[in-house]
Protein chains: 2
Amino acid sequence: MAQQRVIRVSTEQPTCVVCVVGTEISLALSGCVPKGATYFDVHGTSGLRVKVIYNPELVTKPTGTPRWPLNSDVEVVVGINGPSRAVNDNKVRVSYCGPSGETLASAWLYLTCMAISLDADTSRSGVVQTSTTNKTKWTWGPDGEGAVLLVNCDRDGPSSGNTDNAYPYVRSHTDLQDMSLVILTTEGPAGISDNHTLLLQVSMFDAAKLRVFHAGGNASLSSYEHVLGSDKLSYTVECSGGKEQNSFFVEGLAFPDAGFDGLVSLNATLLEACGQNSPAIPVFSDTVVFRVAPWIMTPNILKPLEVFVCSIEERANNKNFLEAVRALAKEANCKLTVCPEVENRGDRWIQDEMEFGYVEAPHKMFPVVFDSPRNRELQDFPFKRILGPDFGYVTREPENGRVSSLDSFGNLEVSPPVTVKGKEYPLGRILIGSSFPRSGSRKMAKIVRDFLYAQKVQSPVELYSDWLLVGHVDEFVTFIPACDRKGFRLLLASPLACYKLFKEKQKEGYGEAALFEGLEGVERKTLDEILADETVYDDNKYAQSCIDWNRSILKRELGLSERDIIDIPQLFASKGGGAHAFFPDMVNMLVLGKHLAIPKPFGPIIGGQCCLEEKVRSLLEPLDLTCTFIDDFFSYHVWSGEVHCGTNVLREPFSFHWWNIVP
Amino acid sequence: MAQQRVIRVSTEQPTCVVCVVGTEISLALSGCVPKGATYFDVHGTSGLRVKVIYNPELVTKPTGTPRWPLNSDVEVVVGINGPSRAVNDNKVRVSYCGPSGETLASAWLYLTCMAISLDADTSRSGVVQTSTTNKTKWTWGPDGEGAVLLVNCDRDGPSSGNTDNAYPYVRSHTDLQDMSLVILTTEGPAGISDNHTLLLQVSMFDAAKLRVFHAGGNASLSSYEHVLGSDKLSYTVECSGGKEQNSFFVEGLAFPDAGFDGLVSLNATLLEACGQNSPAIPVFSDTVVFRVAPWIMTPNILKPLEVFVCSIEERANNKNFLEAVRALAKEANCKLTVCPEVENRGDRWIQDEMEFGYVEAPHKMFPVVFDSPRNRELQDFPFKRILGPDFGYVTREPENGRVSSLDSFGNLEVSPPVTVKGKEYPLGRILIGSSFPRSGSRKMAKIVRDFLYAQKVQSPVELYSDWLLVGHVDEFVTFIPACDRKGFRLLLASPLACYKLFKEKQKEGYGEAALFEGLEGVERKTLDEILADETVYDDNKYAQSCIDWNRSILKRELGLSERDIIDIPQLFASKGGGAHAFFPDMVNMLVLGKHLAIPKPFGPIIGGQCCLEEKVRSLLEPLDLTCTFIDDFFSYHVWSGEVHCGTNVLREPFSFHWWNIVP
């Protein structure tokens, strides 16, 4: 239904009204019916569409002279075809007639028509189409409509400082490119503005989520005026007549979150003055709805662009580890960025400090780092070193400052695209390690989980990771690319697979072969010793049960079958408080395309080869992947982490556009 | 997909497992394949369904002797038909065979099957069906499924005090009837509980929204133990064997609101012990989801049950008014409750203090008063006098305590059921008076608006009421029942209808007839004077424009046409700050079925009759309604309110069940 405005006519003087193209006028006729009138007739000039709406069960359409009965079963609606060339150039005449057809009086309506359209890139093509319809709803899917807003959380500069959207002015021309263009088109004769005002508006709630700049006439940055946002809820747009276009640039201030579904609206409202002492009142409103683009995570199967690793020189230096990662990054054609000790201050867990993702609008896309609330010595690195031109930054910290190990982002992963019982997740699903619901157990902070859930497009799955001392999902689960089937395999740490392997080797007569051979200061453990140790057995039966519970969740929530899963031999041990890897945790690997950097397990050497490495190679190399085993024993493993915990990867975004999802 | 659990078999000793009826076991065969084995065969005892799942493109189903290739393209899934009679009474044998068919080794799985089902009234019939499926989703509509929880916000007592859900114990047997029953059924052989624990659980978030009591063996209130809610997140349910049923009673603590969609879950989880030093791990979980029933408002067209009015004896006493309301309530067959001066403390605006609504579950329904945050002298009345047995109470107050006149509930109404562009609103839509979005304008408090929106089933429409001094929607809009068309009419205050009437009367020669005739101390105003007064004209042109803007919104958002609207003659005047009724505001009426209590307008007496009353009668009496004009001039009108502001009505709930909506 078109926007309708009720207008009352009078037989005493013409009623003059300004109306907007695309809307309708519902004529109220009963206000001035002359005595004795029973019928009416109505005519409009050519720029108008005059329709008489009646209930055919109650009213017979007049034939010959169009005379309509004067009662509430007949309504007159006037549509407007296009903007006026002069004030009052469209006219409607209502003739009131007596029973025998004689005209008793006439009422005139003079209409000045104006075109007003507030437009954004609602078709998601990258450019703004003007005079579009269906702007008030935002719909998902390939046939969906609705504009997209980016949180302007990068720092195009010019100088350092905060993210661009912390400043109520346009910082640079590149800053402008992160914003969404809105065009307000008006057309009408001069003279309307005497008693009409056109406002651009935002609601109090939305004003906290966006900021609008009005493009001035020239290219200088200072000509972009901050007109809406925060305490600025409305802005008067000058219309002097003729066809005019005002350009506005809109930036998002906040990501979708608990209590904010991501939708924000801008309104263009026409106000009509109504006497000297009365406030103006609204007579037309056009709305454009935006959805703030979600923060999207990138799974292991996406192409790696840049690897991050810390350089540690003091206690337990990682010199050799760093060189191994550097070599692999080179092979994988990835940039390597080393976070120097002066910045990492001895904190080597760069995986835990941050998670890379991105935001996308049809006109622009840039990566965004999510800074975890863990806040150890690497705390300043994401803001100081990652945030920059076209590289955004977001963080969430619980108000009480209380975080647990489960708030580290080694505990935040994302699956490749999956289809579950017919429901598609083309951007995969987020995996969060959580506790099995029990009083007092550790859980990722609500503020972080709320943020992740609110992004909507990678619907999170909560796994049970609290059985582990550190408690991160990357300690028992990872994904690797595969050229067949679903395009990936799920790798799960498997104590049983390890027992099976060790028993086989024992049976083959290698019971004396030992783990940790040649590692200085580390006690070697023979297969015979390990297989005879009941504590180790109990610990691993427990670990296997916990992983099996997660296996069921993963199969159900990612729609996987056993054939999508590969069991990687691994043993765990229990310290007070939870399980940890007994030898370097092989699933805790770095995935760079076809190159896997796997923690070197220091397993029993049999026939000159580590039997764990040999087993893993035999499982993964048939998938056309190369396995490089990297020694992280003293530099990471003994500190309760491995290769994955000590690295981080910026990856290419999905080619699939998030707005094409139907969540 | 049924819940699946991965179980690994061994050729060394039988694997003993407890499993749950309705779930499946995915057999991991690869862990103990004997050397040389290439095929396997699998058999189960009669209580089991053993299925071999394979990809027919890769695997050929064996004919004759069922021998399956040992690779990951073949999976074995075991379904469980019913509970075991004895421990380990179900068995599965996997035979590993060599290339020529000889059995090399066998692995045995011993299964003890247990039935576990957590059930609530998911079919919405008023009673709990056991062993239901589809409990984890809550769906709307006539075919929807999912249980309902009431916020136990009434006060069944025994004594006074707070609402029942403020107490962590069952207060009385009637208190129990407000709760939803949950039955946990278990069946299995004795002896399982040695290394298995069954927990009833709730998440940390949901624990703040509900409370669970466990029914003891007897009828005494003290036998109902508080087991879940607040800091109680899990409760161990004893299972000694055989078929057992545990009954739990669940009460809601919080209505849907911003940040709470109304959905809460209870889980029954089976834990398996896993060695002496390891925590138990989850092996099965059943979930039942509830939706907390929304608070529902009752429109004017519903049958009135009880009328509330204040007795004011001091300044501007309302003795006559009270008698008139009493007489009409009697005629309408309604109870009348008078709030005495000692309780109202001179505050006569009982409409503004509270709004009546109700909550409904399939097993129980009761009215709930929503106490407005306006907090004037009537502030304690809803809690002290309305809250009681089967009469609930809810309130929302902004944290900063700042409220405006728009937070009074004269500004909160609800339409009758409507259909808008094919979308049904079988419980009508809430109407909230708001400001036209402009900096600094008054708006209903966010916390109240959030609450109203979160109820979901009466999707609110925001009107523009801030143009009025008091700013309430009931100053210009009301609904009356009608036997034809949509079952109601929308009444709108109409300055133009009033001008038209007055001009007609002036033309007929009654220009000397006056408003306010006979009202002591009030200056009479003749029609000639009013029609010549340009300030009055400007004020009313403005008022009409504001009402017309609302008329457009109402037509669009309630799907109304002009024929659904009746214009009630009314004039407004402007004081500094906004408009108010020039003479008693007739749409501000009390609707009691077919009886309308309309503010007596004191219009010009023509031919012995007030021409305003005559006009209104001519508009409304054809709808089979009776109009009683009640003098509220000195008792309400001069204090900026009218009949509706001074009364409140408890109505019958809708017969339509809210869960049948598709919102």
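The first residue you see is number 1, and the count goes up from there.
For all residues, glycine too, the Cβ spot is worked out from N, Cα and C.
In TrEMBL, annotation is done automatically, which means it is predicted and not curated.
Here's what TrEMBL has on this protein:
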- B:Asp352: active site (ACT_SITE)
- B:His472: active site (ACT_SITE)
- B:Asp474: active site (ACT_SITE)
- B:Cys645: active site (ACT_SITE)
- B:1-112: domain 'Protein-arginine deiminase (PAD) N-terminal' (DOMAIN)
- B:115-272: domain 'Protein-arginine deiminase (PAD) central' (DOMAIN)
- B:283-660: domain 'Protein-arginine deiminase C-terminal' (DOMAIN)
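Per Cα geometry, B:Cys645 is the residue among the active-site residues B:His472, B:Asp474, B:Cys645 nearest to B:Asp352 (active site).
Around B:His472 (active site), a 10 Å sphere centred on its CB holds 27 further CB atoms from the protein chains shown. For the domain 'Protein-arginine deiminase (PAD) N-terminal' (B:1-112), residue counts in helix, strand and coil come to 3 helix, 56 strand, 53 coil, using DSSP. It is 10 Å from the Cα atom of B:His472 (active site) to that of B:Cys645 (active site). Confidence over the domain 'Protein-arginine deiminase (PAD) central' (B:115-272), given as mean pLDDT on the 0 to 100 scale, stands at 92. You'll find the Cα of B:Cys645 (active site) roughly 8 Å from the Cα of B:Asp474 (active site). A helical conformation is recorded for B:Asp474 (active site) in the three-state DSSP classification. Its own atom aside, the Cβ of B:Asp352 (active site) has 26 Cβ atoms within 10 angstroms in the protein chains shown. Taking all protein chains in view, 28 other C-beta atoms sit within 10 angstroms of the C-beta of B:Cys645 (active site). Less than 8 angstroms from the CB of B:Asp474 (active site) sit B:Gln351, B:Gly410, B:Asn411, B:Glu413, B:Val587, B:Asn588, B:His644, B:Cys645, each of them six or more residues away in the same chain.
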